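Engineer: According to Swiss-Prot, the protein carries these features:
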{"type": "DOMAIN", "residues": "40-109", "note": "domain 'EamA'"}
{"type": "TRANSMEM", "residues": "38-58", "note": "transmembrane segment"}
{"type": "TRANSMEM", "residues": "61-81", "note": "transmembrane segment"}
{"type": "TRANSMEM", "residues": "89-109", "note": "transmembrane segment"}
């Protein structure tokens, strides 16, 4: 159960980061202020919810185990940037993602 909460906290944190990125995207038409407020508002909601879930995680897991699990954020952000904004991801970056996933699996088996 706490693993699910940890993944949700990670996804919400990443959602907040992605909303911040979207807030910086140029618009082809007017409404810049509305666009900015919408995405930054969503970012605050996501990050606030992530913080609440993170506090639940910290009540259960030692911080030395829980915190490295947030490395999942790097994986989610890489995948989202690649899919949503078609950002180029170099092979060495994918290797880094694979190493992060390996580390999470190793740490997760110790929890």
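Glycine residues also receive a Cβ, built from the backbone N, Cα and C atoms like all the rest.
Remember, it's a predicted structure, so these values are computed and weren't measured experimentally.
Help me picture these features in the structure, burial and contacts included.
Structural biologist: When averaged over the domain 'EamA' (40-109), pLDDT in the model lands at 95.
Away from its own ends, the transmembrane segment (38-58) comes close to residues 2, 5-6, 8-10, 12-13, 15-17, 19-20, 22-23, 66 of its chain (Cβ-Cβ under 8 Å, at least six residues beyond either end).
Cβ atoms under 8 Å from those of the transmembrane segment (61-81) belong to residues 2, 6-7, 9-11, 13-14, 17-18, 21, 87, 89, 93, 96-97, 100-101, 103-104, 107-108, 110-111 of the same chain, restricted to positions at least 6 beyond its ends.
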Engineer: As a quick check of your reading of DSSP, tell me how many residues in the domain 'EamA' (40-109) are helical, how many are strand and how many are coil.
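Structural biologist: Split into helix, strand and coil, the domain 'EamA' (40-109) gives 60 helix, 0 strand, 10 coil.
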